[in-house]
Amino acid sequence: MGEEVTQPDQPGDVSYSSDLAEDFDILFDSVEQEWQEQALCAETDPEAFFPEKGGSTREAKRICKACAVRDECLEYALEHDERFGIWGGLSERERRRLKRQIG
């Protein structure tokens, strides 16, 4: 059957739970990526979301505005310090400004 789980020898000893931690990481990654599968940008040309310097962001922002997972996308970009492209309807500059505002 499965590996026997024993009580830790000392408080805070979690070495016995490495398999559990690995399972959690796999589950978390799976849940974290679910929103990406629902994103409208996944169905469109990625070049619209990563325009060349000085290129228009209008099309990407229009798509983001209608996207059901826009908030999750923006949260992901802020948490992972995404520095390029349109995420959650905001450009790199707009995300930097937002990060400064929310501290």
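Note: Cβ is positioned from N, Cα and C throughout, glycine not excepted.
Note: TrEMBL annotation is automatic and uncurated.
Going by TrEMBL, these are the annotated features:
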BINDING   C41, C64, C67, C73  [4Fe-4S] cluster binding site
DOMAIN    40-97  domain '4Fe-4S Wbl-type'
Surrounding CB atoms that lie within 10 Å of the CB of C67 ([4Fe-4S] cluster binding site), all protein chains: 18
Number of helical, extended and coil residues in the domain '4Fe-4S Wbl-type' (40-97), per DSSP: 31 helix, 2 strand, 25 coil
Other same-chain residues whose Cβ falls within 8 Å of the Cβ centroid of C41, C64, C67, C73, the recorded [4Fe-4S] cluster site, in sequence order: A39, L40, A60, I63, V69, R70, I86, W87, G88, G89
Across the domain '4Fe-4S Wbl-type' (40-97), average pLDDT on the 0 to 100 scale: 95
Number of other Cβ atoms within 10 Å of the Cβ of C41 ([4Fe-4S] cluster binding site) across all protein chains: 20
